[in-house]
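TrEMBL annotations:
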- 97-257: domain 'CP-type G' (DOMAIN)
- 108-255: domain 'EngC GTPase' (DOMAIN)
- 147, 148, 149, 150, 199, 200, 201, 202, 203, 204, 205, 206, 207: GTP binding site (BINDING)
- 280, 285, 287, 293: Zn(2+) binding site (BINDING)
- 330-352: region 'Disordered' (REGION)
- 333-344: compositional bias 'Basic residues' (COMPBIAS)
Ligand SMILES: Nc1nc2c(ncn2[C@@H]2O[C@H](COP(=O)(O)OP(=O)(O)OP(=O)(O)O)[C@@H](O)[C@H]2O)c(=O)[nH]1
Ligand SMILES: [Mg+2]
Ligand SMILES: [Zn+2]
């Protein structure tokens, strides 16, 4: 059963100490205010996090949808207690509402982040850029998804504008209503991989999940006619399995503000690796074989999984690229601003 939800040999390795302690592996599929639903070999179970887990950890240490967890089962009942969370391979994070320092993890162990925006209204490039940067930051592969193609005033122009903005990230155009573009979307998600839908309320995330499922399992609601805003119809995150074997997480609409900045995002997900890096003998250690390298030592002892180290390094490179691009865009904008200022002055002079 859990194999269908992305369980792997690597996870089984990480789980070994919990298995020895008599715990059962499961994946969090629903997160609600009053508890969780977890998919285990025994089926879908209601679960609560152990008090210790909720108290010791900051908010980033609470279980979230997509997490692999260690469970104790109540005999005879369909309920369980979550005792531990396996290290997250990737995580989509944002700043917690109540605190500047604390981060909230939106979803964990995601392979693909679908950044969703709709073509029925004016596109908001700044917003989409922030969503994309947050998606890069999560460690997942971002894909920009343009929904409601059937309502687009000028599909080719909108697509070109978005492709320019998304740079190397793929852009997919869909219409859930007309069943158009769904195969192209699914091409980005291999069986056993997990994706999350991220975007504002009302862009059509739940409608898209229903179209991919071939049934109306998620609640959807019309957007307000006055201002095209969604109504925050989806209230909790939920992971479901698609007919093709991919896993998809529908989530409530989120605003792009408060998406964490790059450095904090990495820290939230890879704090264990950052602690290792800080423990290397040389502060400029390249972790490539210098004496006293804590990273190499952890890799050798098995305390740090090679895959996790690789994804940390990959994330660093991608973040640098996103930051470069942001700096370039800012510079371009400034140059354009100056040019138009200059040409405006010239026009003034010419007129005068
Ligand atoms: N014409 C058209 N309408 C669509 C399409 N996809 C979604 N919609 C409509 O857009 C509205 C909002 O869709 P939802 O799926 O509820 O949006 P959501 O992103 O899940 O919104 P939240 O749950 O609030 O975050 C609904 O009325 C849908 O019928 C589409 O491809 N074409
Ligand atoms: Mg929804
Ligand atoms: Zn080192």
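Positions of Cβ are set from backbone N, Cα and C atoms, glycine also.
Note that the structure is a prediction, hence the values are computed from the model and not measured.
Shown on the structure are the features that TrEMBL records.
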residue: 147; record: GTP binding site; Cβ neighbours (10 Å): 29
residue: 149; record: GTP binding site; Cβ neighbours (10 Å): 20
residue: 199; record: GTP binding site; Cβ neighbours (10 Å): 25
residue: 201; record: GTP binding site; Cβ neighbours (10 Å): 17
residue: 205; record: GTP binding site; Cβ neighbours (10 Å): 31
residue: 207; record: GTP binding site; Cβ neighbours (10 Å): 22
residue: 280; record: Zn(2+) binding site; Cβ neighbours (10 Å): 19
residue: 285; record: Zn(2+) binding site; Cβ neighbours (10 Å): 19
residue: 287; record: Zn(2+) binding site; Cβ neighbours (10 Å): 18
residue: 293; record: Zn(2+) binding site; Cβ neighbours (10 Å): 21
Neighbours of 280, 285, 287, 293 excl. site residues, C-beta within 8 Å of centre, Zn(2+)
277, 281, 282, 286, 288, 290, 292, 294, 295, 296
Can you list which of these binding-site residues (203, 205, 285) have a Cβ closer than 6 Å to ligand 1?
203, 205
Which residues in the same chain, at least 6 apart in sequence, have a Cβ under 8 Å from the Cβ of residue 203 (GTP binding site)?
116, 117, 118, 147, 148, 230, 253
Suppose you look only at the domain 'CP-type G' (97-257); what would the mean pLDDT be?
88
Would you mind sorting out which binding-site residues among 203, 285, 293 put a C-beta under 6 angstroms from ligand 3?
285, 293
Of 199, 205, 280, binding-site residues neighbouring ligand 2, Cβ under 6 A:
205
Please report the distance from the Cα of residue 280 (Zn(2+) binding site) to the Cα of residue 205 (GTP binding site), rounded to the nearest angstrom.
44
